[in-house]
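Asks: Take a look at what Swiss-Prot says about it:
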BINDING   Arg106, Asp107, Asp177  S-adenosyl-L-methionine binding site
Amino acid sequence: MQNAGIAFDSLEQLNAARQLACRLGLPLLTPPLNLGRPTITLVLSAQRLELHHPELGAPLFVDFVKGAMGYRRRQGEGRKQPLARAIGLKGNVCPDVLDATAGLGRDAFVLAMLGCPVRLIEQSPVIGALLEDGLARARKTPETAPIIAQMTLMQANAVDWMGTLNAQDFPDVVYLDPMYPERTKSALVKKEMRLLRILAGKDENAPLLLEVALECARQRVVVKRPRPGVFLAGVKPDFSIESKTTRFDIYLTH
């Protein structure tokens, strides 16, 4: 990735920052740092890994313990929420889920919280590093450790990875959350989503992703879309489940 680098806020983080830079193939930036420059910077501190970008204000990081995800965990949202219904959670049944577009891992965390084993695939090395850091920190916290134990992260191209699966390793459900179509007014696009677009790029392979997902899901493929959005690749689902802003399109495969 051009115009990006790895930084650290103390010498104690130097070795870890150097290893991360080597793994991601990014330059190691040495202090003093000017975080106002036009670059994407991963900053490693003793607390967490953060992503800084001058146009997007506050840094981006993954947190399953506090913040919005901590609130959802404490609220104990049940199986009647739209995501759970879309996945097919009923009774004591917890389907094996493959989240092929993991992103920051929020939906995968909710599904793991509800008892589903979840395999997460993230193609972007930078997003994957942020997610890996968030999982590692949550793994050390007693309240979230059992949930994180249900989650397995892989950094890979989802189409290629699913193509290598043997039939016995097929998931019950493949979950897809491709980038929503970009709105014409940039002010309406959340800064976080704008940054993810920069990192992940356009979902030009989304139609192929759906095609491969339909071939390997034992029970269903679930596609998350904006409520008024078009069907992914123009393929009509068997049915949909809606919330105020989101629509889950369900494609049955059995």
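Just so you know, glycine gets a Cβ as well, placed from its N, Cα and C.
Given the structure is predicted, the values throughout are model-derived calculations rather than measurements.
Show me how these features fit into the shown structure, please.
Replies: In the three-state DSSP scheme, Asp177 (S-adenosyl-L-methionine binding site) falls into the coil class. The Cβ of Asp177 (S-adenosyl-L-methionine binding site) lies under 8 Å from the Cβ of Asp99, Thr101, Gly103, Asp107, Val223, Lys224, each of which sits 6+ residues away along the same chain.
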Asks: In the same chain, which residues outside the set Arg106, Asp107, Asp177 have their CB within 8 A of the centroid of the CB atoms that define the S-adenosyl-L-methionine site?
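Replies: Here the non-site neighbours turn out to be Asp99, Ala102, Gly103, Leu104, Gly105, Ala108, Val110, Tyr175, Lys224.
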Asks: Return one of helix, strand or coil for Asp107 (S-adenosyl-L-methionine binding site), based on DSSP.
Replies: helix
